[in-house]
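What follows is a single structure, written as structure tokens, with notes after it.
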Amino acid sequence: MSSARDGVSWGTMISGYVHNGFFARALDLFDAMRIANVKLNPVAVLGALKAAGEIPDLDRGEDVHNYSVRNGLIFDIEVNTALVIMYAKCGATEKAKAVFANIHEKDVVAWSAIISSFAQNGSPKQALLFLKEMQVQGVKPNRITLVSALPACAELSDIRLGKSIHCFMFKSDMILDGSVSPALIAMYCKCESFGLARAVFDRLNSKDVVAWNALINGYTQIDEPLEALQLFRQLRMTGKIPDCATFVAVLPAFALLSDLKEGASVHGMTIKYGFHSDLRVKNATLDLYAKCGDVQTSHKLFAERKACADIVSWNTMIAGYMHNGQVKQAMVIFHQMMFEYIKPNLVSLVSIIPAAACLVSLRDGFALHCYVVKSGFVSDVRIGNSLIDMYSKCGRLDCAQTFFDQMTQKDTTSWNSMLSGYSINGLNHKAISLFSQMENDAIEVDALTYLGVLSACRHGGLVAKGRETFDSMIHKKGLRPNVKHYACMVDLLGRAGQLDEAWRLIQKMPIDPDASVWGSLLGACRMHGNSKLGEMVLEQLARLAPNEGTLCGAL
DNA sequence: CTAGGGTTAG
């Protein structure tokens, strides 16, 4: 048997594995091929690179790269294109760029590859820069290039560029090709241009199931579950067969409606179609049960095939337990995950750090902070914000402060977390001076900022400051106070004996006062011995639905 | 060799 022929059959085997999703086996076979000293060929290399990108496994991808260099395959444009994709999928952005830069005659395929890789890799800006650069260099984009660029427009909410791509497609007759429409629909949905998404959909002559999915998903994304369900019904009436993505798009609609019964029956449909073993369908199902309050069923489905669980499954369970107030269980899942060497990602941490705060468990909080530092997420603003919140709820304002001070990037939530940290720990004047600092530094403030300041005023009995703050919230910033702001003000005024003013404030409320508002006033009536007003308030309280709010504080 | 829709958090 000639070694060349041998090499070809190895290559065919490798790409066969890749095609069927057996990426690890494909890579093992590639290693075996090297050990057996079989002559390499592009087919084997392409397969191995694809496998390394899909897993993703950067180390083995680099091995394949080095091996191709040594075997003189590195001038092959196909191999280079596959290298770019592999590096991008493994998150090695700079390497992907470097390989791409070394391609001498970049063809439209190579350009499309780097654009789609970066668009999918959380680097939408970079993807669009490549699109621009490509045009500068005089390479004409084809429909695949443009379809690849659309998700980048979507992620950046750059509807202007999205529209001009749409326009260009229209002029180049690409629009007749139905395969560009789902990308357009998704892009318009994500840019909150539902009319345009709908128009693209409605004008399609033959509506591919992918186009339906894009629109259904758009509706669930904007919290319009009923519209999503109606489309789902329409799709089924056309006789088209829904696919996995249809269910991934429609299951969250039942979660939004908290409709356990209908949701479960759609879960049944996924079983009927045989889609229930698809990981994304399964994860959407876990989320469905958890959001409908039946986290036990989520856990049952999760535990049944835990070996198949991916990071999203674990995160869904953590979030599911948190959503149902089973904070300890969320922590158990997180520890199990660590125990099984599943690496928590950003979403895992954003979900679990509040659990430490909730349990007032400084031990967990410190451990999580450590992990955050070790895993390189420490510069993420959302993680930082939850750490500040955790430390202040655990009574370690010093740690919260230190963390806040060294944050290089802060957003409004960071300031709000610090501010409410001061407030809940009784450092009312610090809270108020932080608020002044926000105003001086022109940091955007929101309703939560004001709630923090008002609570500080309440705890400190700072009536004048509270009035002034409440007033500036409405008249200076044009923000609408919610029921919590009112409850805070009523409590502040009431405790200070300004019962009439508190009463007038309630009467002027543009929204219905709830039990916490009335409860604050009632407490004040008792405190100041105003039984006449107190009786009136009791009457109001009695009118509220019995399950509304808790009155323990006031009664 | 490049592609469209799709799960977790905020």
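Every residue number used here counts from 1 along the chain in the order it is shown.
Keep in mind that glycine also has a Cβ here, set from the backbone N, Cα and C atoms.
Where the annotation comes from TrEMBL, it is an automatic prediction and has not been curated.
Listed in TrEMBL for this protein:
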type	residues	note
REPEAT	A:6-40	repeat 'PPR'
REPEAT	A:107-141	repeat 'PPR'
REPEAT	A:208-242	repeat 'PPR'
REPEAT	A:310-344	repeat 'PPR'
REPEAT	A:380-410	repeat 'PPR'
REPEAT	A:411-445	repeat 'PPR'
REPEAT	A:482-512	repeat 'PPR'
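The average pLDDT for the repeat 'PPR' (A:6-40) in the predicted structure is 86.
DSSP labels the residues of the repeat 'PPR' (A:107-141) in these numbers: 26 helix, 0 strand, 9 coil. As a summary of secondary structure, the repeat 'PPR' (A:208-242) carries 26 helix, 0 strand, 9 coil according to DSSP.
Sequence-remote contacts of a segment are chain residues at least 6 beyond its ends whose Cβ falls under 8 Å from one of its Cβ atoms, and for the repeat 'PPR' (A:6-40) they are 46-48, 50-52, 54-55, 57, 60, 64, 67-68, 71, 73. Counting residues per DSSP class in helix, strand and coil order gives 26 helix, 0 strand, 9 coil for the repeat 'PPR' (A:310-344).
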